[in-house]
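Inspection log for the structure reproduced underneath, given as structure tokens.
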Amino acid sequence: MAASPSRTATLIANLAAVSARVSAASTTTTLPRASSPSHPVRLVAVSKLKPASDVLALYTASPTPHLHFGENYLQELLEKSRLLPPGIRWHFIGGLQSNKCVTLARDVRGLWAVESVDTEKKASLLDKGWGERDNTLEGENRLRIFVQVNTSGEESKAGVDPAAAPLLCRFIREKCPRLKLQGLMTIGAIARSRATTPETENEDFLCLRETRDRVIADLALTGDDAVLELSMGMSQDFEGAITLGSDEVRVGTTIFGDRPPKRP
């Protein structure tokens, strides 16, 4: 399953370049992040439609293996999680169907977070699936959840309306004991993404930050409970997202290259 030496070298170089850009953007922002300043912005390498060998090449890279990887499709994530080492921290970031929530939470080895929760039903089913999981080997008591917010208002985009986000967050905290509300996530409009630079404020990122602040205020969160992360920024706009306080960016093509067409 090993990638070729040339492919491995390309992947490691691409990841190093992106990591350097993440670090540089982190030093230019004056906005506080939810996570500790001593922890860098989390870089999720989005490996959808790429072979497991690509993931393995970055996970086993020396001297700094990469841990966090994102997938969009449940079946692909299931296959990769079974093939690859258990130490990989998987993020499910794709559109989430209710009938797949239990399987996702119960069966994906190394599942670290689900970042596309936008209904109470999905949250409840993820809670159910996590309860059916054998976590004795992984040591995770609760599944991390990001509530996906539709900051652009596009009908084609998944996500809860910003005004409804506090209600869904409250439901997760009060009715889903096996879930941990980790933060909020958005994808945003493509046009805004393309226009984003480190100096240009993206309206979707501003909206997500304001929504996070509203959740904290409406739920009267304090202390550790008020530490809600922002997952925003992808290949075209991650530096602009970091300057607006993103705690996590999800980068795919800049690391792995263009993707093939989705398999049937």
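Quick reminder: no glycine exception, Cβ is built from N, Cα and C everywhere.
Some features that TrEMBL has for this protein:
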- 1-24: signal peptide (SIGNAL)
- 39-260: domain 'Alanine racemase N-terminal' (DOMAIN)
- Lys48: N6-(pyridoxal phosphate)lysine (MOD_RES)
Same-chain residue ranges lying at least 6 outside the signal peptide (1-24) that approach it to Cβ under 8 Å: 40-41, 43, 45, 51-54, 56-58, 61, 66, 83, 238-239, 242, 249, 251, 254-257
Per-region confidence, the domain 'Alanine racemase N-terminal' (39-260) (mean pLDDT, whole number): 93
Long-range Cβ environment of the residue listed as 'N6-(pyridoxal phosphate)lysine', under 8 Å and at least 6 residues apart: Gly70, Glu71, Asn72, Tyr73, Glu76, Gly94, Gly252, Arg259
